[in-house]
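According to TrEMBL:
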- B:17-35: transmembrane segment (TRANSMEM)
- B:55-79: transmembrane segment (TRANSMEM)
- B:59-179: domain 'ABC3 transporter permease C-terminal' (DOMAIN)
- B:100-127: transmembrane segment (TRANSMEM)
- B:147-176: transmembrane segment (TRANSMEM)
- B:197-218: transmembrane segment (TRANSMEM)
- B:230-255: transmembrane segment (TRANSMEM)
- B:283-304: transmembrane segment (TRANSMEM)
- B:485-508: transmembrane segment (TRANSMEM)
- B:529-551: transmembrane segment (TRANSMEM)
- B:571-596: transmembrane segment (TRANSMEM)
Amino acid sequence: MTTKIVQTKDLHKTYDKNSARPYEALKGINLSVDQGEFVGIMGASGSGKTTLLNILATLDQPTSGSVEIDGQDVTNFSSNQMADFRSKKLGFIFQDFNLLETLTAKENIALPLSLQNTKAALIEPAVKTAATKLAIEDLLDKYPNQLSGGQKQRVAAARALVSNPSIIFGDEPTGALDSTNARELLDTLSGINNQGVSILLVTHDPFSASFCKRILFIKDGQIGDEIESGDKGRNNFYQEILEKLGTFEQ
Amino acid sequence: MLGKISPSGIKARWKDYLVLFSGMIITTAIFYMFEAISTNDQFTTNSPVGESAKFVFIFGSVLLAIITLVYVFYANNFLMSMRKHDYGLFMMLGAKSRVISRLIAMETVVIGLISTIIGLIVGVGFTKILSRFLASQIHMPLTHFSAFYMPAMWTTVIMFLVLFIIAGFLNARTFVKTSALRLLRSSQQSDWKQPKAVSLWVQAILGILLLAGGYYAMYDIKQLKLMAVAIGLVTIVLGTYFVFNSFFVMLLQVIQRSKMNTKGLNSFTLAQLKFRIRDYTKILSVVSLLFALALGAITVGTGFQNMVPKLAQGNGYYSVGITNPSSKMNALVDQIKDKSTITYQQKIDPQTKSVYYRIDQLQKQPIKYSEFVDKATLKAKISTAQVAQYRHNDSGAYQELWGLQAPDAKAFKIKVVSANSFNRITAKTNQLLMVRANNMDAATTTLTKITNLQAKQYGTKNNQLVGGSFATYQLLKGVFGSLEFMGIFLGIAFLAMLASCLMFKILSGAASDKIRFDMLNKIGTRRSVLKRSIWVQILGLFTLPGILGIIDVAFGLQMFSRSGLLIGGAYQTFAITTGGFLILYLIYFAVTVLIYSRIVVPKTKVEK
């Protein structure tokens with residue numbers, strides 16, 4: 001039996017609960033991500049996908065329901081527990097890279113390990129390994145402003161990988177890249193996924209989504225539909241996503 | 001329409017504006033107070049002390065004006081950093097840049113006007129307090145002095161309005177030249193450049209050499225005379241700039257290369273600090289120099305104050321001379337600890353215009369008198385009088401005795417005669433009691449009581465007429481007291497403005513740091529760790545100029561003490577004033593950390 005990396009039960013999130021007009025962003029989400037899966041979450045603006053990602057990433061807490069990540073119930077963590085959990089178990093890739101421009105690529109990548117107070121002797125090889133996976137060994141001593149958009153995003157991916165997280169969360173990671181660089185990054189993510197790392201990608205871009213193995217469609221705070229790539233091949237899957245989006249959003 | 005939107009933007013960020021306003025109000029208030037006292041004739045022409053105080057106050061207000069300029073510039077910068085995004089949005093929505101620039105200019109001037117008006121009101125209050133204190137220090141009733149002084153009001157209003165109009169104009173111009181998109185994204189731009197190693201080395205060595213040269217010049221003032229001041233000024237200003245631009249950066253690089261860099265958020269904190277120091281080089285240099293100036297003013301002012309007893313006792317050996325002491329006075333004299341006294345008999349003969357003393361008494365208990373050997377270092381020699389000396393009225397012994405007599409006796413000549421001759425003179429026999437208090441500071445209260453009683457007995461209110469070194473002591477305390485007070489006040493005003501400049505500069509950068517801290521939060525940095533990082537960064541930016549400033553003063557004092565202007569205890573006063581200064585500085589530091597954290601640390605309190 002495969003282990004579940006992420007599992008949510010009846011997840012609800014209501015904003016401004018005590019106000020005259022409370023807003024229910026999530027209305028009972030049940031989803032699970034298996035170990036080594038590459039799952040995409042698609043939906044229009046305002047569908048609740050960012051809220052969902054924030055809760056899964058322990059940046060926010062649900063109003064009701066529960067979230068389990070890597071076998072741990074994170075629903076009622078304190079803010080310190082949440083922070084420690086993020087630094088040890090989760091990796092992040094953001095749309096706008098979010099690298100610190102005063103640090104070299106190497107220092108940027110090492111940051112999650114430093115935060116866990118990993119010994120200096122162990123940081124060096126871990127950074128090397130992550131850099132090798134993303135083919136950026138030559139860029140380690142460069143500062144972000146000396147790198148191209150694609151290179152920056154690969155450094156960001158290396159930072160997400162360096163602490164061997166249980167799962168990597170991507171929030172529109174190709175949003176700021178041109179098509180060549182976007183393609184390269186998605187190939188890299190697929191490669192990482194093939195080595196057994198679980199990835200959860202939030203996107204509204206069908207091309208990015210076509211690299212996933214399974215896609216959940218979210219609308220008005222609920223999961224509406226789900227499709228799997230199976231053996232269809234990426235091009236066919238891409239067509240299927242386009243068709244789905246066409247019918248789903250109506 | 002925009003006129004309506006603009007105030008709403010201000011309302012939303014009133015806390016930030018509160019910081020801005022409080023700084024401006026204090027600045028205006030202090031400036032008004034200096035103007036009111038230095039230009040008010042009522043205050044300054046009535047006493048010689050007031051005259052010298054006036055000069056010091058004018059000097060102070062010129063310095064203040066210069067710093068105010070810098071201050072308004074930084075406060076304005078901070079104001080704009082808060083409003084940039086709003087203005088960009090207005091432009092995005094189609095507002096003409098001409099309209100926006102008018103809006104900006106208006107907003108700046110209105111803010112300036114409001115803070116100036118409130119500042120003036122506070123300033124009148126400050127002036128009242130200060131004038132009362134000064135009046136008590138120089139023993140002068142201020143019957144006609146009013147804290148509300150129109151010419152000073154005008155000077156202050158004109159000065160600040162002109163500054164704000166210039167600032168408003170500059171702001172408007174900057175905005176017209178910047179595109180809406182740039183304004184909207186201004187917080188996301190970074191101009192970080194990695195400094196080149198060679199240039200760092202050259203600047204660091206040059207900076208330290210220049211500082212060392214400047215310090216040496218101040219140390220060697222005896223040889224270099226006025227050149228020392230000129231050399232010191234140039235080398236220390238340049239040296240400070242280079243040291244900030246390179247030496248501190250290199251120091252941080254060394255720490256970065258150590259294992260410490262991989263602990264927690266250290267790598268981020270150190271890199272940020274390194275970037276900030278280079279970005280802030282100019283303001284940090286100015287802060288450290290003015291820090292030194294303010295600290296120096298206070299130390300020297302207090303140092304002079306501490307020299308008063310030495311100065312006074314060099315002028316005369318005995319503290320007071322009492323003619324025919326009453327039992328009350330004798331009781332008071334008994335209260336003085338650590339003293340020596342002599343009593344002589346004295347007869348005043350108005351016919352021969354002479355005051356007679358008995359030779360046997362003067363021989364048995366000779367007078368002691370003190371004379372300056374070296375006026376520059378205030379070295380005084382205490383000698384014992386020979387009877388022969390009383391023949392010359394310019395001798396130290398004669399002067400000492402003459403000065404201690406009653407006012408009516410001072411018009412006559414001192415004559416020393418045998419006991420028999422003394423007895424034959426038909427006049428009332430007076431007792432002249434001469435008291436020396438070895439520790440005048442400790443005996444001040446008792447001595448004041450004695451001189452007041454004595455003055456009453458002489459039929460005058462002016463206790464300066466009692467004579468003796470205590471009169472000199474009181475006079476000098478008045479002069480130096482107001483100087484000291486002025487130094488402290490000016491110093492505090494400087495520090496308040498400098499620290500707020502630094503605070504505004506740091507806070508202006510907060511918006512762009514928000515994204516960085518947000519990301520750090522996402523990758524799992526605890527809130528406490530984020531806060532510690534802010535704490536260390538701001539501490540670095542506050543302490544480095546402080547340390548350099550303190551070193552500057554430590555060497556600057558050498559100049560004063562080696563040229564003989566400050567004697568003994570200067571470093572003790574220096575330590576005390578530095579302590580007081582640091583407390584004030586710390587308050588600014590704490591406020592900056594608080595506001596900065598409020599802006600950049602992401603809220604992790606989750607609404608469920």
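The backbone N, Cα and C atoms fix where each Cβ goes, and this holds for glycine too.
Taking pairs at least six residues apart, the transmembrane segment (B:147-176) and the transmembrane segment (B:17-35) share three or more Cβ pairs below 8 Å and count as touching.
Looking at which of B:17-35, B:100-127, B:230-255, B:485-508, B:529-551 has the most CB pairs under 8 Å to the transmembrane segment (B:571-596), the answer is the stretch B:485-508. Per DSSP, the secondary structure of the domain 'ABC3 transporter permease C-terminal' (B:59-179) breaks down as 103 helix, 0 strand, 18 coil. In this chain, the transmembrane segment (B:17-35) lies apart from the transmembrane segment (B:197-218): fewer than three C-beta pairs between them fall below 8 angstroms, excluding pairs fewer than 6 positions apart. For the transmembrane segment (B:197-218), the partner stretch with the most Cβ pairs below 8 Å, chosen from B:230-255, B:485-508, B:529-551, is B:230-255. Beyond its flanks by at least six residues, the transmembrane segment (B:230-255) meets 195, 199-204, 206-215, 217-218, 224, 261, 270, 273-274, 277-278, 280-282, 284-285, 288-289, 544-545, 548, 552, 556, 559 of its own chain at Cβ-Cβ distances under 8 Å. Take the transmembrane segment (B:529-551) and the stretches B:100-127, B:283-304, B:485-508: counting Cβ pairs under 8 Å, B:283-304 has the most. Counting Cβ pairs closer than 8 Å and at least 6 residues apart in sequence, the transmembrane segment (B:283-304) and the transmembrane segment (B:485-508) reach three or more and so form a contact.
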